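Structure record follows, encoded as structure tokens.
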Amino acid sequence: MIITIGGLPGTGTTTIAKMIAEKYNLRHVCAGFIFREMAKEMGMDLQEFSKYAEQHKEIDEEIDRRQVEIAKQGNVVLEGRLAAWMLLKNGIKPDLTIWFKAPLEVRAERISKRENIDKDVALKKMIEREASEKKRYKEIYNIDLDDLSIYDLVIDTSKWDVEGVFNIVSSAIDNLKK
């Protein structure tokens with residue numbers, strides 16, 4: 001089984017992807033973890049590394065290559081904004097593609113709590129990072145992140161608590177046509 005979960009920062013992708021991986025005994029692979037690790041290796045914060053990646057498309061290409069190779073092995077929850085796009089572009093049809101969304105203010109609040117920073121700082125960083133990513137994805141892949149047509153399920157995670165979102169996703173998985 002191959003499941004992709006994507007969404008903008010602060011929508012709950014990591015939380016739910018971990019829970020789904022555990023429940024269904026799947027591996028959890030997160031593009032964001034790979035990206036953060038690469039930023040750390042280069043001694044940059046996420047905003048700096050995002051800007052750097054705009055000029056160095058090999059960063060995104062390496063993340064994508066790793067995701068596709070892992071997906072080919074199956075039994076995985078791939079978490080990342082481009083996970084579904086990358087698999088489809090490489091001829092791999094996931095069993096379920098999911099996109100999480102939530103209002104900007106809600107996401108900023110979640111990020112401020114998670115990273116223990118001021119909400120306004122979180123909002124500013126989030127807006128900068130998203131603008132950088134949108135630009136990169138359009139230039140490198142010709143992907144518009146606002147195009148949600150490839151997703152089987154789009155969930156506004158501000159409408160339910162974590163358990164509610166988990167139940168919705170679990171129900172979708174349990175009811176997939178065999």
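A Cβ is built for glycine as well, from the same backbone N, Cα and C atoms used for every other residue.
If you look up Swiss-Prot, you'll see G7, L8, P9, G10, T11, G12, T13, T14, T15 marked as ATP binding site, on the strength of similarity to another entry. G7 (ATP binding site) falls within a strand segment according to DSSP. Residues near G7 (ATP binding site) in space but far in sequence (CB under 8 A, at least 6 apart, same chain), listed by position: T13, R81, W99, F100, K101, A102, T157.
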List the same-chain residues at least 6 positions away in sequence whose Cβ sits under 8 Å from the Cβ of P9 (ATP binding site), in sequence order, or say none. R107, I111, M126, R129, E130
When you measure from the Cβ of T13 (ATP binding site), how many other Cβ atoms are you left with inside 10 Å? 26
Using the Cβ centroid of G7, L8, P9, G10, T11, G12, T13, T14, T15 as the reference point for the ATP site, which residues of the same chain not in that list have Cβ within 8 Å? F100, A102, R107, R110, T157
Which one, from the binding-site residues T11, T15, has the smallest tally of other C-beta atoms lying within 10 Å of its C-beta? T15
